[in-house]
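Q: Copying in the features that TrEMBL gives for the protein in this structure:
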| type | residues | note |
| --- | --- | --- |
| TRANSMEM | 479-502 | transmembrane segment |
| DOMAIN | 481-763 | domain 'G-protein coupled receptors family 3 profile' |
| TRANSMEM | 522-543 | transmembrane segment |
| TRANSMEM | 555-576 | transmembrane segment |
| TRANSMEM | 597-618 | transmembrane segment |
| TRANSMEM | 653-676 | transmembrane segment |
| TRANSMEM | 696-712 | transmembrane segment |
| TRANSMEM | 718-741 | transmembrane segment |
| REGION | 763-790 | region 'Disordered' |
| COMPBIAS | 773-787 | compositional bias 'Polar residues' |
Amino acid sequence: MASPRSSGQPGPPPPPPRPPARLLLLLLLPLLLPLAPGAWGWARGAPRPPPSSPPLSIMGLMPLTKEVAKGSIGRGVLPAVELAIEQIRNESLLRPYFLDLRLYDTECDNAKGLKAFYDAIKYGPNHLMVFGGVCPSVTSIIAESLQGWNLVQLSFAATTPVLADKKKYPYFFRTVPSDNAVNPAILKLLKHYQWKRVGTLTQDVQRFSEVRNDLTGVLYGEDIEISDTESFSNDPCTSVKKLKGNDVRIILGQFDQNMAAKVFCCAYEENMYGSKYQWIIPGWYEPSWWEQVHTEANSSRCLRKNLLAAMEGYIGVDFEPLSSKQIKTISGKTPQQYEREYNNKRSGVGPSKFHGYAYDGIWVIAKTLQRAMETLHASSRHQRIQDFNYTDHTLGRIILNAMNETNFFGVTGQVVFRNGERMGTIKFTQFQDSRELKVGEYNAVADTLEMINDTIRFQGSEPPKDKTIILEQLRKISLPLYSILSALTILGMIMASAFLFFNIKNRNQKLIKMSSPYMNNLIILGGMLSYASIFLFGLDGSFVSEKTFETLCTVRTWILTVGYTTAFGAMFAKTWRVHAIFKNVKMKKKIIKDQKLLVIVGGMLLIDLCILICWQAVDPLRRTVERYSMEPDPAGRDISIRPLLEHCENTHMTIWLGIVYAYKGLLMLFGCFLAWETRNVSIPALNDSKYIGMSVYNVGIMCIIGAAVSFLTRDQPNVQFCIVALVIIFCSTITLCLVFVPKLITLRTNPDAATQNRRFQFTQNQKKEDSKTSTSVTSVNQASTSRLEGLQSENHRLRMKITELDKDLEEVTMQLQDTPEKTTYIKQNHYQELNDILSLGNFTESTDGGKTILKNHLDQNPQLQWNTTEPSRTCKDPIEDINSPEHIQRRLSLQLPILHHAYLPSIGGVDASCVSPCVSPTASPRHRHVPPSFRVMVSGL
C-alpha cells in the first residue's frame, strides 16, 4: 500500500515541533523529584546553590525514620554533613559546581533499601557517587551492583568485614574502619604486654565469626598461640568453663552487648576475673550498656555488683570517633573546634558516633570530584563531569582512581584508603570504677601503639600472665641450714682429730696400749668419714651442676658406707678378741695380735667394696628429677610453682638398698651379740663391750628413726637433710665419746687403774654347764707385737737366773737333810734369797708394760703340798702386807712346786705345829687341801 504522500493526496497536518529534551527535563524536574519515593532533596539545612551553578548530585542512602533503631545514626550525622557541604561551598572547592546530596531512606530493610536505590536511579538525576550505607545487609546488596552502574560508594558507618572483599565489592569504600581493623591493633596490644597465648570467645553471628577468622590470620605467624577457640549461641557459660579448663588467661571476645552481660556473669561464677585474667571485647557498645542489659541477663543469678566486679578492668577496642590531636584538618579547623560546631548544629538531634566519619566522607567526595575534574580537564576528550551517566565506564574509572588517591588529615585522623579500607585510628578503653576510660590508641597508618601514661590499671601489681606461669623451682637445701650443720660437722671432726691426737700421743700408756690403739685409730677414721659425708649430702643442684651432682651420688654413698664399716668394724673386732680370749674353755694361752684384727676389718671393707663395685657397674646411681603438683606462689604473684626435687636413684634401687641394709644389719647384730657375751668382763682397759653396746643401741635406734622420718619427708629436702645430718652427727659423736671419753677420764684421774687389780676372778655361768663348777680366770697379757721379742729375751734371762738359784737351793736342801737343827738358820738367813725368787717374778711382771697373762698351774698332787704355820692365817684379809712372813710362806707354797718339781720329795711339807719344813711326804690328808684362793698365780712372760 502506498503512502499518502506518494499518492499525491493531501495528508494530515504535521505535528507541532517538540521542545528540546533537556528543556523538558528541566521543566519537569521540580515535579518529578517530589514524586520519587524516599527522596529527601538537598541536605537539610544546607544553603541552596544559586540557579546558575550546576549541581553534582550525590545519592545519599541511610536510615532516617524514627521507627528504625539505626535511624538515629542517619539523623545524627546530618548536622555534620551539612557543616561539611557548607564549608566546601564556602571554599568554592568545586567551582563552578556545587554538591547536591539527595537523601533516600533505606529503613535498614533490604527490599526498601534496594527500591530506594533503583528509584534514585530511575527518577533522580545522574548521581556521580553514592554516599551512605549503614545497615550491613542493605549496604552489601547495593555495593555488589555498583560496578554495573559505574558508581562509587562511600560509607561512613558500615563496619561489617564482608565488604572488605574487593573482588566482590570493587567500587565500595568507607571512611570508618571495618571491624577487622581492630585486629592489627589487638595484635599490637598483645605484643606490647608480651601476651603470647590467648583464647577466643565468639557469638555465633556472621559479623563476629568473620572478625574471629580474620584475627586468626593476623595472629598466625606472629608467635602468638590461640590455645582455645570457643563459640556460643545463647548460653556462654559452657564455653567460659572450657576456657578456664584450658588455662586461658587472655580472652578475646566477639559478641554484642546483650551477650556481654551473660558472659561476664558466667565469668564471675567461674572466678575468671581479677588480677589473673584480662578480657578484651568490642568497644562499640552503647554508653552504660551494662545498665540497659542487666535486667535481661538473669539478674537473680547475677547481681549487679557481681557483674561489675567481673567487668572491672576489661579492655574495649573500637575506632576513634574523633582525633585527639590538636591539628588543623582539611577544613582549617581542629577536631575539637569541629566537635563544638557539630554540637551546636545538631540542636535537639541525638549525637552519633559516626558523625566525624560522615563529615570526613563529604570532604572525601569533594576531593575525589575535584581530582576527577582535573583529570578530565587535562585529557583531550573535553568531557565535563556533569555529563556523567550510568553507562559511562571511563568516567566511572576516573572517579574510582581519584578515590583511591585520597590522603588528607580529617577530624577522624589521617584519611587514606588501602584496598578501599580506611586506615584509621583504633582506641583502647578500659572499664574502671563503673566507667570507660581511654587508655591508648593505635595508628593504623603508622602502625604504632601509644598508651596513655598511668591510665591503664590492672588489678594486680603487674599485667596478667597469658597463662599460668609454671615456675619450675628446685627444692634446694637452705644455705643457713647447710652452714649450721656444716659447722656442727666441723666441730665433730675437730673432736675426732683431738681424740686421734690423744690416742697417738698416749699409745705407750698401759691403758691405751691394752685397748689396741690401732683399732682406735680406725674407729676415729670411720667417724671422720661419716662426718665428711654430711658435706656431700648437703650439695644439691643449687651448688653444683647436674653432672657433678650425679658424681656426688656415688661418692657420698661410698664414703658413708666405708666410714660406717671402718668405725663399727674396728669396735666389733676388739670385742671379738675379748670374747675369744675369755670364752676359751680349755684355758690355753691365746695371743690375738692387732694384725689379725686388721684383717677382720679389711674383710668387712672388702665385702663393702664388692657390693659397691657391683652396684656401680651393673646399675649405677643417676640423677633423677621428681616433679610435684603445682603450688601457689607464696609471695602472691600470678604464677604457679612446680617444685622439682633431685634424687639419686637407679633402676633397682630397692634391691641394692636391701643388700646394703641386710649386711649392715647383720654386722650390727653381730656386734650386739659380742657386746652381750662380754658384758661381765671387768677389765676396763680391755673391754669396750659396755660402750659398744650403748653405741650399737643408739646407732640402731637413730638409724631406724632417721630412715623412717627421712622417707616420710622425701619431698622436703631441708627436713630430710637435717634429719640425715643430725643422725650421722649424733651416731658418730656418741660412738667416739663412748670409746674415748672414759679412757681420757681414767688416764687423767687414775693412770694405773688398768694394772691395780691384777688378781681377780672371772666367773661366768652357762646354762649348759654345771652350776657348781667355777672356772678359773686367766690373766691376759695383750702386749704390743713390737716388743714381743724383747720380752721373750728378758724371759730367757730370768730363766737362767732361776737355774742358778736352783743350784743354791739344792745345796740348802742337802744341808737340811744333814743337819735338821739348821732349819731356823735357813729360815732366818736364806729367807731373803727365797724372797728374791718371788721378787724376780714381780720384776718380770713390771717389765712387761702392764700386760699380764693369767695361767692356771695348780696340780692336784698330794705330794706337792705345804701347810701354813697357822690354819687361821689362811683366812686373813688379802690386803695384808705382801712382805709379811705369812705371805712369804704362802708364796713358797705356791711358787716352789712350779719352780722345783724335781726337789719337792726331798723338801717335804710344813707341818701346822712347827715352823720348820716337814720331811714326811705322807702328811695328813687334811694338809693336802689347798685353799681355792691360792689356785691362781700371777706370772710374767
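For all residues, glycine too, the Cβ spot is worked out from N, Cα and C.
On a predicted model such as this, the values are computed, not experimentally measured, just so you know.
Let's see these features in context: how buried, what's close, how far.
A: Counting residues 6+ beyond its ends, the transmembrane segment (479-502) has Cβ neighbours under 8 Å at 520-521, 524, 527-528, 531-532, 534-535, 538, 718, 721-722, 725-726, 729, 732-733, 736, 740, 744 in the same chain.
Non-local neighbours of the transmembrane segment (522-543) in the same chain are 474, 476-477, 482, 485-486, 489, 492-493, 496-497, 499-500, 503, 549, 552, 555-556, 559-560, 562-571, 598, 601, 646, 717, 721, 724-725, 728-729, 731-732, 735-736, 739; each lies 6+ residues outside the stretch with a CB under 8 Å from one of its CB atoms.
Away from its own ends, the transmembrane segment (597-618) comes close to residues 516, 518-519, 522, 554, 557-558, 561-562, 565-566, 569-570, 573-574, 576-577, 656, 659-660, 663, 667 of its chain (Cβ-Cβ under 8 Å, at least six residues beyond either end).
Under 8 Å from some Cβ of the transmembrane segment (653-676) lie the Cβ atoms of residues 561, 564-565, 568-569, 571-572, 575-576, 579, 604, 607-608, 611, 615, 619, 689-690, 692-693, 696, 699-700, all in the same chain and six or more residues away from its ends.
Long-range contacts of the transmembrane segment (696-712) within the same chain, counting only residues at least 6 positions beyond its ends with a Cβ under 8 Å from a Cβ of the stretch, are 568, 668, 671-672, 675, 719-720, 723-724, 726-727, 730-731, 734-735.
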Q: Within the domain 'G-protein coupled receptors family 3 profile' (481-763), what mean pLDDT does the predicted structure show?
A: 80
